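Undergrad: In case it's useful when we look at the structure, here is the feature table from Swiss-Prot:
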- C39-C57: disulfide bond (DISULFID)
- C67-C79: disulfide bond (DISULFID)
- C73-C86: disulfide bond (DISULFID)
- C98-C110: disulfide bond (DISULFID)
- C104-C115: disulfide bond (DISULFID)
- C123-C138: disulfide bond (DISULFID)
- C132-C147: disulfide bond (DISULFID)
- C157-C171: disulfide bond (DISULFID)
- C165-C176: disulfide bond (DISULFID)
- C226-C246: disulfide bond (DISULFID)
- C266-C285: disulfide bond (DISULFID)
- C270-C281: disulfide bond (DISULFID)
- N49: N-linked glycosylation site (CARBOHYD)
- N80: N-linked glycosylation site (CARBOHYD)
- N141: N-linked glycosylation site (CARBOHYD)
- N158: N-linked glycosylation site (CARBOHYD)
- N187: N-linked glycosylation site (CARBOHYD)
- N216: N-linked glycosylation site (CARBOHYD)
- S298: GPI-like-anchor amidated serine (LIPID)
- 1-19: signal peptide (SIGNAL)
Amino acid sequence: MNKFITLFVLLASVSVAMSATCLTCVKEGAVCDATANICEEGTVCIKPNSTAANTICFVLPTLNEDCSGPLACADSYYCNTTSKICVEAYYLGVGESCSSENQCSTSLVCTGGKCVNEVYPLCGASNSRVGCKAGEGCAFNGTALVCSPFIANGAACNTSTSGLCHPVSSCSNGVCTAPLTGALNSNCTSNTDCNIANGLYCSSGKCTAVPEALNNCTTTPTVDNCLGYSACMCPSNDDTAKTGSCKDTIEYSDVTSDAYNKYDSCVVSCPAVTIVQKQSCLSKCTNPLAGAANNVCSSATTIAFNAFVVFAIVLSVLLF
């Protein structure tokens, strides 16, 4: 899958248990361990300031609020390193209208009211699609990384040109391949290469059926009994439990080809940016995986994925 999968959140943050245990849900203000807990909706597990002894489930500041404590902002806003205020920054791409330079993505300048890559058609300092126009990818032409139009699904691709496949597609077996097209036992490099709606995910390079949920699971950094898009949740939120039950973190049937086709069309029509914020073109593109997310905690939209899920629903898409 292309580099855009640093992609996603709209609703969630990823947490992977670091010891053999199950995951529990934690309320705002409570001490948390990002390797074993899931903070409730609207909070993240972070030290609220540099002198805090513990990480807690904390509500991050948002636009125009003080971020001097956590040095991070909600809604993908940028914590200005000087003012320590959450601001809009780096959210516009090549060709979009700007009034100040910090609106443009890093490596771009605001010239004549537009965000410009001064070395175009070279991809520029970002070495990514951020230096390219909407409808273009960044690929090696034998000499340098240059911006070129995307190539269609079904067209030939290789290591050098894989960056020209659509951002939500992958270069699989030498062909730009649309997501969700992989049948059982077909080759894959990412979960989204497989037909998720049919309960498939990518395991050891093959589209594989998600097994029946386990009722006696544990999670470690390298081994997770829960496979596919699932999390090992402790029974009755009991933080003394050592085993739990696998809970689906998405509604598999909701992740359809039609939804991905719409997502693909939206992403291709927008320029890439350093940070996707509310004013970014990409903010209107809803990843179907985010739309299909389940709340594994009754009051939480923060989701824990197992160690093998190469997917993060985050709204900061640095290499989209």
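Here the Cβ of each residue, glycine as well, is placed from N, Cα and C on the backbone.
I would like each feature placed in context: is it buried or exposed, what are its neighbours, and how far apart are things?
TA: Every protein chain shown contributes to the tally, and the Cβ of C57 (disulfide bond) ends up with 23 other Cβ atoms within 10 Å. In the three-state DSSP reading, C57 (disulfide bond) counts as strand.
There are 21 other CB atoms within 10 A of the CB of C67 (disulfide bond), with all protein chains counted. Following the DSSP three-state reduction, the secondary structure of C67 (disulfide bond) is coil.
DSSP assigns C86 (disulfide bond) to a strand segment in the three-state reduction.
In sequence order, C98, S99, S100, E101, Q103, C104, V116 make up the list of same-chain residues 6 or more apart from C110 (disulfide bond) whose Cβ falls under 8 Å from its Cβ.
Taken residue by residue with DSSP, C115 (disulfide bond) is part of a strand. The Cβ of C115 (disulfide bond) lies under 8 Å from the Cβ of L92, G93, V94, G95, E96, S97, C98, Q103, C104, S105, L108, V109, each of these being in the same chain and 6 or more residues away along the sequence.
A C-beta separation below 8 Å, combined with a sequence spacing of at least six in one chain, links C138 (disulfide bond) to C123, N127, S128, R129, G131, C132, L145, V146, C147, S148, G163. Secondary structure at C138 (disulfide bond), as computed by DSSP, is strand.
In this structure, C132 (disulfide bond) belongs to neither helix nor strand by DSSP; it is coil.
Around the Cβ of C171 (disulfide bond), the number of neighbouring Cβ atoms within 10 Å comes to 23. In the three-state DSSP scheme, C171 (disulfide bond) falls into the strand class.
Around the Cβ of C165 (disulfide bond), 25 further Cβ atoms fall within 10 Å across all displayed protein chains.
According to DSSP, C226 (disulfide bond) sits in a coil region rather than a helix or strand.
Taking a C-beta cut-off of under 8 angstroms and a sequence separation of 6 or more, C266 (disulfide bond) has the following same-chain neighbours: L282, K284, C285, T286.
Long-range Cβ neighbours of C270 (disulfide bond) (same chain, at least 6 residues apart, Cβ-Cβ under 8 Å): G93, A134, S280, C281, L282, K284, C285.
Look at N49 (N-linked glycosylation site): DSSP puts it in coil.
Taken residue by residue with DSSP, N80 (N-linked glycosylation site) is part of neither helix nor strand, so it is coil.
For N141 (N-linked glycosylation site), the same-chain residues that are 6 or more apart in sequence and have a Cβ closer than 8 Å to its Cβ are S148, S160.
Neighbour density for N158 (N-linked glycosylation site): within 10 A of its CB lie 10 other CB atoms from the protein chains shown. Under the three-state DSSP scheme, N158 (N-linked glycosylation site) falls in the coil class.
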Undergrad: By CA-CA distance, flag whichever of N158, N216, C246 among the recorded positions is nearest to C67 (disulfide bond).
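TA: That would be C246, nearest by Cα distance.
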Undergrad: Can you give me the Cα-Cα distance between C39 (disulfide bond) and N49 (N-linked glycosylation site) in Å, rounded to a whole number?
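TA: The separation of the Cα atoms works out to 18 Å.
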Undergrad: Can you give me the same-chain residues 6 or more apart in sequence from N80 (N-linked glycosylation site) with a CB-CB distance under 8 Å?
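TA: Set apart from N80 (N-linked glycosylation site) by at least 6 residues yet with Cβ under 8 Å, we have C67, C86, V87, A89.
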Undergrad: Starting from C246 (disulfide bond), work out which of the recorded positions listed here (C57, C79, C157, C165, C176, N216) have their Cα within 10 Å, and give them in sequence order.
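TA: Checking Cα-Cα distances against C246 (disulfide bond), the recorded positions within 10 Å turn out to be N216.
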Undergrad: Output, ordered by sequence, the same-chain residues six or more apart from C79 (disulfide bond) with a CB under 8 Å from its CB, or 'none'.
TA: C67, P70, L71, A72, C73, I85, C86, V87
Undergrad: Within 10 angstroms of the C-beta of N187 (N-linked glycosylation site), what count of other C-beta atoms is obtained when all protein chains are considered?
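TA: Within a 10 Å radius of the Cβ of N187 (N-linked glycosylation site) lie 14 other Cβ atoms.
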